[in-house]
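These features come from Swiss-Prot:
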- 1-19: signal peptide (SIGNAL)
- 21: 4-carboxyglutamate (MOD_RES)
- 22: phosphoserine (MOD_RES)
- 25: phosphoserine (MOD_RES)
- 28: phosphoserine (MOD_RES)
- 51-97: domain 'Gla' (DOMAIN)
- 56: 4-carboxyglutamate (MOD_RES)
- 60: 4-carboxyglutamate (MOD_RES)
- 67: 4-carboxyglutamate (MOD_RES)
- 71: 4-carboxyglutamate (MOD_RES)
- 73-79: disulfide bond (DISULFID)
């Protein structure tokens, strides 16, 4: 009986120590971690935003051929479904490569 009581007390202490939530373990003290649309970009300075937009324009201009092919395939539902099974290269070749050769 004594060992059962001791085991119960030890189990209760183990549960209390494991389930204890300290304030140090919290990831964020904020009530809501999400921002509304109006305040979403206030943490970036205008110069950083301009630089990010300029870099995005450069990336858009200098995309590799496989990325352009993938975007063309993403816009066409049948090509996208075929790509899920056989890959984007095979899907692009099936739906778009023949059309280019015919023109």
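Even glycines carry a Cβ here, placed using N, Cα and C.
Taking the Cα atom of each, residue 67 (4-carboxyglutamate) and residue 56 (4-carboxyglutamate) are about 15 angstrom apart. Listed in sequence order, 72, 73, 91, 92, 94, 95, 96 are the same-chain residues at least 6 apart in sequence whose CB falls under 8 Å from the CB of residue 79 (disulfide bond). Within the model, the domain 'Gla' (51-97) shows a mean pLDDT value of 87, rounded to a whole number. Residue 56 (4-carboxyglutamate): 10 other CB atoms within 10 A of its CB, across all protein chains.
Annotated pair residue 56 (4-carboxyglutamate) and residue 71 (4-carboxyglutamate), C-alpha to C-alpha distance, rounded: 16 Å. Residue with the densest Cβ environment among the modified residues 60, 71: 71, by other Cβ atoms within 10 Å.
Across the fold, the C-alpha of residue 71 (4-carboxyglutamate) and the C-alpha of residue 60 (4-carboxyglutamate) stand 12 Å from each other. Its own atom aside, the Cβ of residue 67 (4-carboxyglutamate) has 12 Cβ atoms within 10 angstroms in the protein chains shown.
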